[in-house]
Amino acid sequence: MAVTGVSSAFGRLFKQDKTHKRVIGTGTKLTVTRQILEHLEGGNVSKAVSVLFASPEPVSYWLYERLFRSCSSKALVVQARKVQSHLVTFSPLPPIFLLNRAIEAYGKCGCVDDARELFEEMPERDGGSWNAVITACAQNGVSDEVFRMFRRMNRDGVRATETSFAGVLKSCGLILDLRLLRQLHCAVVKYGYSGNVDLETSIVDVYGKCRVMSDARRVFDEIVNPSDVSWNVIVRRYLEMGFNDEAVVMFFKMLELNVRPLNHTVSSVMLACSRSLALEVGKVIHAIAVKLSVVADTVVSTSVFDMYVKCDRLESARRVFDQTRSKDLKSWTSAMSGYAMSGLTREARELFDLMPERNIVSWNAMLGGYVHAHEWDEALDFLTLMRQEIENIDNVTLVWILNVCSGISDVQMGKQAHGFIYRHGYDTNVIVANALLDMYGKCGTLQSANIWFRQMSELRDEVSWNALLTGVARVGRSEQALSFFEGMQVEAKPSKYTLATLLAGCANIPALNLGKAIHGFLIRDGYKIDVVIRGAMVDMYSKCRCFDYAIEVFKEAATRDLILWNSIIRGCCRNGRSKEVFELFMLLENEGVKPDHVTFLGILQACIREGHVELGFQYFSSMSTKYHISPQVEHYDCMIELYCKYGCLHQLEEFLLLMPFDPPMQMLTRINDACQRYRWSKLGAWAAKRLMNDHYLQPP
């Protein structure tokens, strides 16, 4: 395509630099070429470009191309500009393919403006020029320019190639425009590129990012010979959507076809097993990771460790960690953090104390573990140790400190932290600012909360409004909370996350009027009430003793996940309608939903209220035998309460012999009280003696 105004164009961009210093003498072109190649082969691109720039004569076109590619691979934009300058100095009308390489180099170097300017100044362009500038814009996230260039290319009658579509699809994956994606998909088919595996894989990837897994799977199934990348993409997108079962199935299919999974894919599938507590599947994937020799990878070994921790196989988890050959600081921190975030603070602290070196991330992870476990005394002791051992803290440390202040309701300590935050400039960090607001709200100092909320006017976001609203509602000021909620709607439209968080806050307070106002707002503003919000609404109405409303919200759900089922089951127990729990559990099973430990906690509580002793033991036994769920302390506590409440002390004695741990104080107190009530002296004497001693005694 010819472009007029060639002279003016070259005058602006293709600046001919005729001041190249002759520092290499008057050697021949062959000598210059040899020197450049020697530097390139030695990996010194800058010296190679310096030799070129000092040369008073041009080199071969193939050498210019190689220099552009070398600048691209090392992201050397200054050197790329020098190569272009030398090229146009000695070649007033450079060949198009070399200018295309220059555009590619600028794109790889992150200088998309240089790439676009060079493209506009080109006297002639071909399809490669369009591909180069579209790819450069896509690589640098300039999505609007990608689509503008693509439309302009079509208007100019240039046929889009696979490379053009690849760049446009990459940008579509950034903006997640489903309508545009469908148009591009149709265009790919129309242009006859539907057999291109890379393009089809990109389409699968973007459909997955747009959360339309049905279309992603359909396109994947249409790929005649999916590549390794195709398989890894579909597995990862399933995992990101939470479709863990489908992801695991596809993972094993790719293994059957001898497709090697990426390390990241292995770790992601392992994390899916962690989320669903699928121990046996996790063990198989662990064995596969060993066979593929990827278990030494830090990301993979950390995910294996995390799976065993989540599935309560602490010995296996520790074995994985101990067998990791090259344990760096990141490995130690990841393992320790895995324990800490799972509530296993004792095990986490053991690893922390063994760490050969620590950084602020390690300290923060341990402190965060204490905060998550609500172990406030340990957190305070650890803060004292931090003050002695390290000099500098960061914004994460401050957030945990403010959480500790909230947990122990120590507003004076919180104000001291506020002073430190102000003096060191952390008050401009929105996360720290929100944690500070949350601390004032949870400590009940609403005046300080209101003052700080007004001061952070330029910082505040949805989290800020959440903290203020829940803080006001927590002290029973529902009318003020409603007023703030109206103010929030003026400043920013609340997201589903915000509304779900507010509903959860209303449930915990409880604040029925505010909860109803949020429900009404959802309906009036046309929000799609998904399972997350619906679950929060059911929980809110249940805890606010409006269970009929909770039932209606539950029945209106088109689909019900486990969280929603657990909410309604707990609500039945809380509102004196325990008989309905057993019917709900049957419906849950009929819908193919797998119960978890929370579900069984609700069922056992219903058995306590209804006096179903034998049925309670059947449900308790089925946890491990039928559903492969390891009973937790809370489930054992429910069974002991069930036996004690209805005087089934003979069964209680048998049950105690099966318990895998020493009964804590609360259980022993309940057993002792029941034995006194029902005159069961032998077991009562054992419980009383156990309460008075620190060592373990076998039940009689």
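Yeah, the Cβs are placed from backbone N, Cα and C, and that goes for glycine too.
The repeat 'PPR 1' annotation in Swiss-Prot covers 95-125. Marked as repeat 'PPR 2' by Swiss-Prot: 126-160. Summarising the annotation, Swiss-Prot assigns repeat 'PPR 4' to 196-226. Residues or ranges marked as repeat 'PPR 5' by Swiss-Prot: 227-261. Among the features that Swiss-Prot reports, repeat 'PPR 6' is placed at 262-296. Taken from Swiss-Prot, the feature repeat 'PPR 7' covers 297-327. Look at Swiss-Prot and you will find 328-362 tagged as repeat 'PPR 8'. Sequence annotations record features per position, and here Swiss-Prot assigns repeat 'PPR 9' to 363-389. The repeat 'PPR 11' feature in Swiss-Prot is assigned to 429-459. Swiss-Prot lists 497-529 with the feature repeat 'PPR 13'. Per Swiss-Prot, the feature repeat 'PPR 14' maps to 530-560. Among the features that Swiss-Prot reports, repeat 'PPR 17' is placed at 632-662.
Within its own chain, the repeat 'PPR 17' (632-662) is flanked in space by residues 597, 600-601, 604-605, 607-608, 611, 613, 616-617, 620, 623, 670-671, 673-675, 677-678, 680, 683, 696, 699-700, which lie at least six positions past its ends and keep a Cβ under 8 Å from the stretch.
Nonlocal intrachain contacts for the repeat 'PPR 2' (126-160), taken as residues 6+ away from its ends with a CB within less than 8 angstroms of a stretch CB, comprise 1, 96-97, 99-101, 103-104, 106-108, 110, 112, 115-116, 119, 166-168, 170-172, 174-175, 180, 187, 191.
Cβ atoms under 8 Å from those of the repeat 'PPR 7' (297-327) belong to residues 263-264, 266-268, 270-271, 273-275, 277-279, 282, 286, 289, 334-335, 338-339, 342, 344, 347, 351, 630 of the same chain, restricted to positions at least 6 beyond its ends. Counting residue by residue with DSSP, the repeat 'PPR 1' (95-125) contains 23 helix, 1 strand, 7 coil. Looking only at the repeat 'PPR 4' (196-226), the predicted model's pLDDT averages out at 91.
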